[in-house]
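Asker: Just dropping this structure here.
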Amino acid sequence: MLFWLLVLLILCGFLWNYKRQLKIANITDKYIFITGCDTGFGNLAARTFDKKGFHVIAACLTESGSTALKAETSERLHTVLLDVTDPENVKRAAQWVKNQVGEKGLWGLINNAGILGVLAPNDWLTVEDYREPVEVNLFGLISVTLNMLPLVKKARGRIINVSSIGGRLAFGGGGYSPSKYAVEGFNDSLRRDMKAFGVHVACIEPGLFKTNLSDPEKTAEKKLAIWKHLSPDIKQQYGESYIEKSLEQLKGTASFVNVDLSLVVECMDHALTSLFPKTRYAAGKDAKTFWIPLSHMPAVLQDFLLLKQKVELANPRAV
């Protein structure tokens, strides 16, 4: 009996994997729209899907990013300049995309644009330090989605929201994790709303990757700039040794981040082209083996493991 149960489980696993590998047909007549294509995941995704034969519409924040991308891709790829925090800019872009795709609609929307913002202890920050990541990562994503949604519904297509392991575990103060937690919530509600329309909504949760967004040198510079303007009381509580060690720790992350950005693009590819896409994708070994498993553990264990990495404060009782 146990033998046949084992055989059944192996067969089910084989059939499940086979099902996941089935692909859609006729990608050469399908349009996809990707935000945040100047650099990083979005740039690689635009170039990859252009080579595969999709009609790619790549949204770039800068003219230089747009020009560089067009120089590396085929005539099928079009770029638009887009600031996702500008509602009028988003509306104009959506109208332009509508004119491009016509009755075919938009097969894929990849919400990739995002920023890290300031990463520092919460008691160092002001409300304004939280605002920019939330405006870009959350409200920008929602704005683009709502404006493009009629086109995706017409094609019965796919929406792919790039979140982060920072949407599962908050490991630093600032607006990044709150914005990504909110993206996860929006993603879940949108997925359920769009089910009846035949639109599949997926979420990608990358681990730590080497991109412009997560450049440890820039992150350290921002943290040091905030430190210099803190009140004497806060500086006394944390101590000079804290800022020195925490900056070293930040810069040290460069040695263990994922460098292969294609791991994220492969998730996008599966979500776009599989007949049976997943609802969630973890990208990077750290996400799969540490961050995601840790997110399912009790808070007391999460705190124990994450606080072990924290730099000690000089005098936290000096309040």
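Quick reminder: no glycine exception, Cβ is built from N, Cα and C everywhere.
Copied straight from Swiss-Prot:
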- 1-17: signal peptide (SIGNAL)
- 34-58, D83, K180: NAD(+) binding site (BINDING)
- S164: substrate binding site (BINDING)
- Y176: active site, proton acceptor (ACT_SITE)
Asker: Count the other Cβ atoms sitting within 10 Å of the Cβ of D50 (NAD(+) binding site), across every protein chain shown.
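Answerer: Result for D50 (NAD(+) binding site): 20 other Cβ atoms within 10 Å.
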Asker: Taking just the CA atoms, what is the gap between D50 (NAD(+) binding site) and S164 (substrate binding site) in Å?
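Answerer: Cα to Cα, D50 (NAD(+) binding site) and S164 (substrate binding site) are separated by 25 Å.
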Asker: Counting across all protein chains present, how many other Cβ atoms fall within 10 Å of the Cβ of I34 (NAD(+) binding site)?
Answerer: 27
Asker: According to DSSP, does A46 (NAD(+) binding site) sit in a helix, a strand, or coil?
Answerer: helix
